[in-house]
Structure formats: C-alpha cells, structure tokens
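A quick write-up on the structure given underneath.
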2 protein chains.
Amino acid sequence: MTTDQPQSDGAPSETYSEFETRVKRIANVSNAAGILQWDQEVVMPDEGTPARAQQLSTLSSISHELLTADETGALLEELESATLSDEQAAVVREVRRRYDRETSVPQELVEEISETTANAHPKWKQAKENDDFEAFAPTLEKLVELKREYATHIDPDADPYEVLFSDYEPYIDLETAEGVLERLRDELVPLIDAIGDSDAALETDAFAGTFEDDDQEALARDVLDSLGYNWNRGRLDTAPHPFSSGTQFDARVTTRFEEDDLLGSITSTIHEFGHANYTLGLPDEGYGTPLGEARDLSVHESQSRLWENHIGRSRPFWEQFLPVARERFPSLEGVTPEAAYEAANQVHDDNLIRVEADELTYHLHIVIRFEIERDLISGDLAVEDVPEVWNDKYEEYLGVRPETDAEGCLQDIHWSHGSFGYFPTYSLGSVLAAQLYAAAEADLGDLDSDIREGNLDDLNGWLREQIHQHGKQYTTQALIERATGEELTADHFLEYVETKYGELYDLEA
Amino acid sequence: MTTDQPQSDGAPSETYSEFETRVKRIANVSNAAGILQWDQEVVMPDEGTPARAQQLSTLSSISHELLTADETGALLEELESATLSDEQAAVVREVRRRYDRETSVPQELVEEISETTANAHPKWKQAKENDDFEAFAPTLEKLVELKREYATHIDPDADPYEVLFSDYEPYIDLETAEGVLERLRDELVPLIDAIGDSDAALETDAFAGTFEDDDQEALARDVLDSLGYNWNRGRLDTAPHPFSSGTQFDARVTTRFEEDDLLGSITSTIHEFGHANYTLGLPDEGYGTPLGEARDLSVHESQSRLWENHIGRSRPFWEQFLPVARERFPSLEGVTPEAAYEAANQVHDDNLIRVEADELTYHLHIVIRFEIERDLISGDLAVEDVPEVWNDKYEEYLGVRPETDAEGCLQDIHWSHGSFGYFPTYSLGSVLAAQLYAAAEADLGDLDSDIREGNLDDLNGWLREQIHQHGKQYTTQALIERATGEELTADHFLEYVETKYGELYDLEA
C-alpha cells in the first residue's frame with residue numbers, strides 16, 4: 001500500500017532511513033567508479049591500466065556486496081510491508097529489482113562472465129582486424145552459453161533473451177520491443193527502397209573539406225553553448241569512442257574530431273549533449289537514490305536522439321547554427337542552411353556500418369542484430385552460421401552484402417561484452433524520441449521558430465518536467481504514458497521520417 | 001621472528017594471502033579516492049562538489065571499516081605469531097600500526113574532527129581575507145582540543161604533540177626532529193644575518209618580464225622531459241595549489257603559471273616531479289600493499305626537494321636548461337646561466353610568506369610554526385596569544401615583523417585542517433635531501449657534469465635503488481641508514497647551504 005505522503009510513524013521511517021543510507025552508499029561507490037572510468041577513457045596515462053583495473057574491480061565487488069548483503073534483503077522485506085510514500089515505494093521497487101537479480105546469480109558465474117568478456121575483447125578486436133570470424137567464434141559461443149545460464153538463474157521460467165533484454169530495459173516488455181522493431185522493419189524497408197529509386201539530387205557536399213581539430217573543438221563548444229549546456233556542471237573532452245557520464249552535479253560530454261568529418265563531430269556532440277542534459281535534469285535532492293537516477297537505456301537514448309535528430313538534423317537548427325559555424329570555418333561561407341540540412345540527412349542505403357548509418361537505415365542494422373542475437377540465445381541459430389545469416393539479412397533488408405565479416409558481423413563491440421539484448425534499446429530510443437517530440441509540440445506548439453532563434457528553453461523545460469525530474473520514480477511505460485498520453489508506439493517516428501524523407505527525396509505521399 | 005624467505009607451510013601462507021587481499025582492497029579504495037581528489041582539483045566542474053564530497057566520504061568510511069574490522073585484527077594477531085618473510089613482516093608491521101591507530105580513536109571523535117575541519121576551512125579563509133584572527137580563534141581552539149583528545153586516545157601516556165607528529169612521520173622520533181630543527185635555527189639565523197650584511201650584488205632580474213601561460217606550459221613539459229619524467233605513467237596539468245598524486249602506474253604532476261613568475265613555475269614543476277618520480281619508482285609488484293607505497297612525508301619531501309634544490313637550483317642545471325628555456329622565450333636571450341642561478345637562489349630575508357621563501361629562510365618559517373604548534377598542543381601557549389608570539393618570533397629569527405595576521409599566523413591552511421605536527425616534515429625533507437645527495441655523490445662521484453649534460457639516469461638509478469624500490473619495507477630511519485650509512489643528520493644540509501650561499505654572497509668561510 002502506498003500513499004502520497006511520507007508516513008511519520010517511527011519504526012518504518014527509521015528503517016527507511018537506514019535503507020536509504022545503504023542505497024546512497026552503493027550509489028556513491030558506483031559513481032566513484034564512474035569517475036574512474038571517465039578518467040580512464042579521457043585522461044589516464046597509457047600504462048595506468050593495471051592499477052585502474054584493480055581499483056574498478058574492487059569498487060564493483062564492494063558495491064555488489066553492499067547490495068546483496070543480508071541486511072539489504074531484510075530491510076527490503078520490512079519496507080515492503082510498511083506504509084511508504086510513492087517516492088519511497090519507488091526506491092524500494094528499484095532496489096528490490098536489482099537485489100533480486102544480483103542475489104540470484106552465483107558469484108562464480110558473475111566472475112566467469114567478467115573474465116570471459118575481459119578476454120573476449122582483445123580476441124574480438126584481433127578477429128575484426130584479421131577479418132577472421134572463426135577466431136572469435138568459440139568465444140562468442142562461450143559468451144552465449146554463459147549469458148543463457150545467467151538468464152536462467154534470474155528467471156528459470158522466462159525466455160532467456162527476454163531476461164537479458166530486461167537488464168538494459170527493465171520496464172518495456174520484449175513483446176512490445178519486438179512489435180516496434182517489426183514495424184520499423186516492415187515500414188522502413190519500402191521507404192528506403194523508394195529513396196533508392198528517387199531521382200531527387202540532394203546537396204551532399206556542404207561539409208566537404210578539412211577542418212582543424214582546434215577549430216572543431218571551439219565549434220563543439222559553440223554547439224553546447226547554443227543548446228544551453230550547463231558548464232558549471234559539465235565539461236567537454238575528447239575520447240576515441242564518445243560517451244557522456246556522470247551525475248546531476250557533474251555530467252560530462254566527450255566527442256571526437258576527424259579532420260574530414262565536421263558534421264560527424266557536430267552530431268555526435270549534440271547526441272552526447274542529449275544524454276548529459278538528461279542527467280543534469282535529474283533532481284539534486286534525489287542524488288544517491290533511484291529518484292535521482294536516469295530511467296534506463298531506452299529513455300536515455302530517447303534524449304540523445306531527440307537532440308541529435310529532431311533538433312540537430314532539423315532545417316531551423318541549421319538556419320540558426322550555420323552562421324555560428326561560418327565564424328569558425330569561413331570556408332562554409334558558400335553553404336546554405338538547406339544544403340547543410342540535406343547533407344545532415346542524406347540516406348546512405350549502401351552503408352554497411354551501423355555507427356555510420358543515417359536515421360532510417362540505422363534501424364535495419366538494429367533489427368538484424370536483434371533477430372540474430374535473439375536466435376543465438378534461444379539456440380535457433382548456431383554461432384558458426386552467424387556470418388551467413390548476417391550477410392543474408394543485409395542483402396534482404398538493405399540490398400547490400402558485406403564482403404568481409406570485419407564490416408559484417410564483427411563490426412560491433414557489444415557481443416564481445418556479452419551484451420545480448422542491448423541493441424534494441426537504440427531503436428526504442430529513436431522511437432521514443434519522436435513520440436516525446438510530438439507530445440512536446442502538442443503541448444508547446446510548433447518548435448521550429450524556437451529552434452531557429454536558438455531558444456530551446458521551452459523544450460528543455462518540458463523535458464525536465466515530463467522526464468528528467470522524475471528519475472526512476474515511474475516505470476518506463478508509466479513515464480511514457482504520463483508524458484505523452486500513449487503507450488510506447490512507433491507511430492510518431494514513422495510519421496516523422498515519412499514526412500521528412502518524403503519531402504527530402506520527393507516521394508509520392 | 002622473521003626469515004629472509006617466505007615460508008611455504010600451509011596455514012600462515014593462506015592466512016597471509018587472505019590478509020593481503022584485504023590490504024589490497026583497502027589500498028584500491030584509497031587509490032580510487034586519490035583519483036577523485038585529483039579530478040576535483042584539476043578537472044571537476046565547479047558545482048560538482050556536493051556529489052564529490054559524498055563519494056569521498058563514502059570511500060573513506062569504507063576503507064576505515066575494512067581496516068578496523070575484527071577480521072583485520074584477527075589476521076594481524078595470527079600473522080604476528082607466524083613465520084613470515086621480511087617483506088611480509090613489513091606489511092604486517094605497517095598495517096598493524098594503522099590498525100592500532102584507527103581502532104583506538106572513537107568513530108564519533110573522527111567524525112567531529114572531520115566536521116570541524118570542514119567548517120574550519122571557510123572560516124580560516126574568511127579570517128585571512130579580513131585579517132581577523134579573532135574570528136578564527138575559537139575554531140583553532142576547538143581543533144587544538146580535539147586533536148589533543150585524538151592523541152590521548154592513541155597513546156594516553158605519550159606527549160600528544162609527538163603522537164600527532166607521528167601521524168605524518170611515524171618512524172622519526174620527535175626528539176630527533178626537534179634536534180634537527182634547533183640546529184637549523186641556531187645555524188641559519190647567523191648565516192641569514194651574514195647574508196643580510198653582505199655587499200654581494202646578485203643578479204636578480206634574470207626572469208623579470210611577462211611570460212605567456214601556453215609557453216610556460218610548453219616549458220614545464222620541457223623541464224619534465226629533461227628530468228626524465230615517464231609520460232606513459234604520468235601527465236601534467238594545472239591546479240591552483242600544485243600537487244602530485246597517484247601510484248607507480250600513474251603518478252601525475254600539477255603546476256601553475258603566473259605570467260610574472262616563470263621561475264616559480266619551473267621550480268614548482270621540478271618539485272612536483274620529485275614527488276611523482278618517487279611514486280613512479282615504487283615497485284609495480286608491490287602495488288596495493290605497503291611494499292608498493294611511499295615511505296612517509298619526510299622521505300617524500302626529500303625527493304621533491306632534492307630535485308627542486310640540488311638539481312633545479314644548481315649552476316649546471318641552468319647551464320643545461322637555459323638554452324631550452326630560450327627556445328620558448330627568446331626574451332631570455334641575454335640571460336646568462338650564472339644570472340639564472342643567482343636569481344634562483346636569492347635570499348629574501350624580508351619575506352614573510354613561507355611558500356615564497358628561499359632555501360634558507362624557509363626553515364625559520366617552519367621552526368616558528370613548530371614551536372608554536374608544539375606549545376599550543378601542550379597547553380603552554382593559549383590560542384589568543386598566537387599572533388603576538390608569531391610576530392615576536394619572526395622578529396627574533398628573521399628580523400621582520402608581520403603587520404597583519406593575514407601575512408602572519410593566518411597565512412597557512414594547515415591548522416585549519418587540524419594538521420598539527422605536519423610542518424616539521426618539510427624541513428626534515430630538506431635535510432634528508434642534502435644527506436641523500438651527498439651520499440649519492442659519494443657513491444657516484446660529482447654529479448655536476450651529469451646535470452650539465454642533462455643526464456640524470458645515474459642519480460635517478462641511485463635513488464630508485466636506495467629509496468624508491470623499497471616502498472615501506474624499511475622504517476624511515478632504517479631506510480636512511482641503509483642509503484647513507486648515517487642516521488638522519490642536518491650536517492649535510494648545513495654544509496651544502498654554507499658552501500653554496502657562502503660563495504654566492506661572498507661570505508668569509
């Protein structure tokens with residue numbers, strides 16, 4: 001039973017406070033580890049790894065021990081039969097979920113997975129470099145088995161893939177996710193075909209040329225300024241694989257610069273801004289409990305993609321931002337906002353690489369991975385058959401066939417981490433981004449003129465109010481329904497891309 | 001009983017391994033905290049403090065709990081009656097010492113000290129800004145009482161100041177330290193007087209002018225290059241109060257740049273190099289136990305001061321380094337190595353500020369603080385009398401009287417941290433630096449030509465072999481005797497300064 005107000009009856013309140021102290025302790029250890037990881041990616045000297053690995057492993061086992069201690073279990077039980085406020089009940093729900101999962105998997109299995117993935121990473125890297133899938137296959141086989149076993153410990157009666165998926169997305173059921181992915185596949189394949197057949201000639205060379213790193217960095221700071229990034233609680237650095245991390249007090253962005261890819265650095269910076277901006281919108285007073293933590297991967301990805309795609313790849317954004325970019329790069333003088341917009345939205349239907357994909361083909365890359373990993377975990381697909389199935393699916397959905405496994409099934413790092421079930425959250429993020437953006441425009445009116453004026457306060461205020469400030473108080477589906485009045489749906493995404501790309505590529509309605 | 005070789009009899013070896021795992025765990029938590037502190041000083045956004053404070057406090061209490069747990073005590077007892085190798089026995093000795101100290105102080109007192117110092121810092125800062133000692137006096141009074149109480153818990157029979165001193169310098173007894181400080185006072189006061197009376201006109205304007213930060217940073221990197229800093233395990237950044245920190249895998253240097261103080265940035269960078277270079281010389285295989293940790297503050301400071309003073313303020317260093325500096329700063333074209341040497345060694349007998357002091361007057365600043373804090377802790381001096389006693393001592397030892405407490409007894413941060421007993425380690429470091437340098441030259445021959453050629457490998461090899469590689473295996477006095485054949489003595493320091501400054505200031509022998 002829950003009520004709107006915290007109860008003041010002594011015992012449970014004291015219990016809750018003991019519980020909260022424990023939860024905050026775990027969060028502080030994890031957040032400390034987050035800083036160590038940021039440090040490792042961004043500033044740590046090359047040879048710091050051996051010590052860093054031990055530090056991270058120690059923090060990870062301390063936080064595991066604190067979470068799975070008998071005291072945590074006893075406190076949870078006591079609180080579950082107490083009268084709690086909605087907020088307290090949400091904290092208990094979230095910690096219970098993690099407690100149940102972490103206590104159900106034997107420590108030896110956790111360690112075996114951890115060791116296997118640690119060794120898998122260099123093997124995958126080597127196999128990719130040598131285009132040698134067979135060298136990686138036994139490791140992949142082992143990881144599939146271990147993660148299947150892991151899932152069985154968590155819920156012996158459930159579909160193991162569903163259990164794995166729920167590690168990344170606990171509150172969207174797999175059936176919903178699968179429905180979304182199937183719709184994306186069924187509707188995007190013909191749309192991309194139509195684009196391939198279109199005679200429309202997009203201007204694609206707006207950002208051709210070379211661009212100095214230092215100037216790109218200055219421009220990345222301009223981008224973050226214009227989006228309203230809070231520098232008092234953030235910073236920008238470079239990392240080989242851009243990411244953002246941190247807490248509501250300190251959410252940092254990384255990006256990377258390649259001299260021939262200015263557009264890539266801008267969109268990547270905006271993407272990471274979206275993540276960091278979500279983190280910065282979490283309530284200060286929730287720091288250390290799930291109330292101050294982001295909802296899971298799909299919601300996080302909805303924020304990065306809303307900013308990257310709905311803002312950063314929009315026409316009014318380029319109307320506003322191109323003059324700023326021209327100040328850093330006078331060579332952009334002759335580029336029109338329309339040309340920049342077209343360059344930012346070109347569909348590459350012959351691209352084989354997920355991370356280089358456009359807004360449309362991206363989801364077919366995801367669908368392919370999802371279908372393969374689901375069948376790997378169920379046992380319907382043997383590891384040895386992955387390359388052929390991969391290539392067949394690329395041919396079927398995208399009309400291109402990888403000539404090597406390096407640019408085929410070995411391209412992504414995820415499986416070498418044992419991360420099966422992660423990929424779908426990327427597409428769910430895009431779908432949710434469109435749904436949220438539509439809801440924001442329904443509430444606030446058309447946002448184009450705000451974007452054109454570089455005034456994103458209203459949109460950001462809406463996101464703060466509807467999403468960010470709630471942390472993990474609501475489950476994902478409840479959060480989505482509160483914010484948009486609907487369950488998660490691909491409708492808005494499909495409408496968005498059909499309108500946008502229909503116009504860009506001059507397709508018949 | 002100890003032997004040279006680890007014993008293979010089952011039980012103690014298993015016990016030792018359990019003990020070592022525990023010790024490493026504590027070290028990893030502390031080293032993680034070290035990274036968080038570096039991050040806070042160097043890269044953390046301004047508003048990150050509330051979360052960082054909680055993270056650090058959590059890590060600190062976890063490492064305290066791990067150390068003071070009953071299991072640690074039981075393992076120590078068991079190992080103390082087992083047959084151990086010398087290395088194992090040293091680890092047990094060091095952990096026992098920390099265990100005894102941390103278990104003897106009640107947790108409430110630790111927390112009260114921690115809270116009081118947290119609040120003391122802003123009060124001290126404000127009092128210094130307003131030159132208002134009375135505003136800080138009650139806090140200082142409280143800190144003196146708390147630290148006296150703290151010392152009594154650790155050893156009710158000992159002189160409380162001695163107990164506090166041994167927090168910073170566990171293996172040099174206070175009597176020895178006091179003897180060194182008295183000798184410094186007795187011999188430096190007349191030497192500085194003689195310098196004040198000298199007619200020698202040193203060239204002091206070699207580094208007059210303004211120097212851009214970026215170029216100063218490039219030069220700081222040149223300095224570190226020429227000293228042989230291992231960039232694969234280190235980095236250089238700026239911080240308001242330069243420090244170095246880390247482990248043998250990752251020991252970082254910070255410095256600061258002021259456009260009118262090029263010399264200050266060079267000497268400060270060399271000083272911090274000395275600290276980091278010690279850390280980098282600790283054995284990799286000792287990481288996580290006292291065998292891979294630096295001996296305490298005096299030895300650490302001996303390393304920073306050996307490099308700063310015996311190398312960085314030497315004539316051959318400037319012969320080697322001035323041409324490098326001229327490449328960054330063509331304005332130094334007309335400066336001779338001799339002029340640089342003289343500028344780097346000018347004695348400022350009218351300076352009131354410790355951190356701006358030269359190699360000679362520095363120690364009188366320390367002696368004054370030592371005499372005052374010792375009497376504060378013993379109760380022989382009342383807090384309210386500190387300003388007058390401070391000023392009287394400055395007049396007596398240095399012939400200058402501060403006109404304000406801001407440039408008098410409020411200048412240093414240490415007492416606001418409750419750090420009574422810390423100051424002497426600075427002077428002990430200088431004294432030990434001279435003793436080690438003399439021993440190195442006795443073993444290796446005169447080092448001037450090495451320095452002139454920028455080849456410091458032999459000296460560094462000697463320091464690695466004699467000091468760095470031993471971690472905490474030997475107690476401080478044993479380490480000093482092994483390396484120099486003598487107990488800690490001020491002889492070498494006094495001989496060094498008498499020769500150096502006698503020549504510089506043309507004093508009669």
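Using N, Cα and C of the backbone, Cβ positions are placed for all residues, glycine too.
Any TrEMBL annotation is an automated prediction that lacks curation.
Copied over from TrEMBL:
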- A:Glu272: active site, proton donor/acceptor (ACT_SITE)
- A:His271, A:His275, A:Glu301: Zn(2+) binding site (BINDING)
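Other than A:His271, A:His275, A:Glu301, the residues of this chain whose Cβ falls within 8 Å of the Cβ centroid of the Zn(2+) site are, in sequence order, A:Ser244, A:Glu272, A:Gly274, A:His300, A:Gln303, A:Ser304, A:Arg305, A:Trp307, A:Glu308, A:Gly429.
A:His271 (Zn(2+) binding site) falls within a helix when secondary structure is assigned with DSSP. A simple way to gauge crowding: the CB of A:Glu272 (active site, proton donor/acceptor) has 27 other CB atoms within 10 angstroms, across all the protein chains here. A:Glu301 (Zn(2+) binding site) sits 10 Å from A:Glu272 (active site, proton donor/acceptor), taking the CA atoms of both as reference points.
Of all Cβ atoms in the shown protein chains, 25 besides its own fall within 10 Å of the Cβ of A:Glu301 (Zn(2+) binding site). Sequence-distant contacts of A:His271 (Zn(2+) binding site), defined as residues of its own chain at least six apart whose C-beta falls under 8 angstroms from its C-beta, comprise A:Pro242, A:Ser304, A:Arg305, A:Trp307, A:Glu308, A:Gly312. Every protein chain shown contributes to the tally, and the Cβ of A:His275 (Zn(2+) binding site) ends up with 24 other Cβ atoms within 10 Å.
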